[in-house]
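See structure below.
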């Protein structure tokens, strides 16, 4: 079995899909959590000076979605054929677009600009994405692709806390089908065990 | 052979990787170019109200990177195993991050903010990404992953005109290894034929 290490800050955010997928497959991993003090010295050792980073048998890789897809294949959560994988990839990239649209407002440093952007985000962007994603989850019977569990469901559920943190809301509260996706993922025993034992962090 | 349609505006930009990949595989496709006048009526028929959209035997899909990965598998430009695919996915997502960092400045509507952002983009972001990507291309002997042709090279070369347009520059002019990637892709006969016959557009 390969030797896995996840390098990230002491937050869930973009590292959590990796931790969920490794936990799902019962693949032991070293959950390395870097402090803000340690980071400047470590930064140059990371592929693009960023984290999360996954280390597989000593080789460091980056890009959270690419790493998640790779791990999904190792734990049996990829699609059964090219078309199923396209359905998974499409919805994951859409979830990621949604995250970026939230993040660009959440991290806006200028208060005045932020207020203006928040109006569009809350009145247009969030309702649009939630409706589309909830429709997809409804059409797929409580999953995000191919009417069965895949890494798309894991990815969405694992970063949802981060999306909720940035939007100061419970995004799936009024999206019953997305709530079902979350329930389907968090009722998996290996995932529940991970959630129970992981360090408690706000983000 | 499936019936392929590419729906996009009359630009290269995010639709061009799809057109390159289909051309590479000599897969006939309907290159549908929507005018700004036609778009409002068509928008609701597209999965997320956006283009490019790929239609495969009547089924419409979206997300340019996901579609490119799917087409790559159909034309033999995916990796040979999970690790090779991870290397490809990682560099494609990095190229896409680079594109987004350029786009956020290029599409900034406020001139004053744009001027400020342009300084960081030109002095920090662009040199950083070009150096990293050129290093990758050097380590992989003129390719972006696994020292051989893959859809990562096609993706980069196909969107380079768009990146150059947004930055008003020739991004690979001082990056000899990235120039080699472009040369390797554009010297493929099926790609050269496509470039020769495609509609001439600025973007």
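Glycine is no exception: its Cβ is also placed from the backbone N, Cα and C atoms.
Per TrEMBL, domain 'GST N-terminal' is recorded for A:2-79. Within the model, the domain 'GST N-terminal' (A:2-79) shows a mean pLDDT value of 98, rounded to a whole number.
In terms of DSSP helix, strand and coil, the domain 'GST C-terminal' (A:81-203) has 91 helix, 0 strand, 32 coil. Marked as domain 'GST C-terminal' by TrEMBL: A:81-203.
When DSSP labels each residue, the domain 'GST N-terminal' (A:2-79) comes out as 30 helix, 19 strand, 29 coil, counted as helix, strand and coil in that order.
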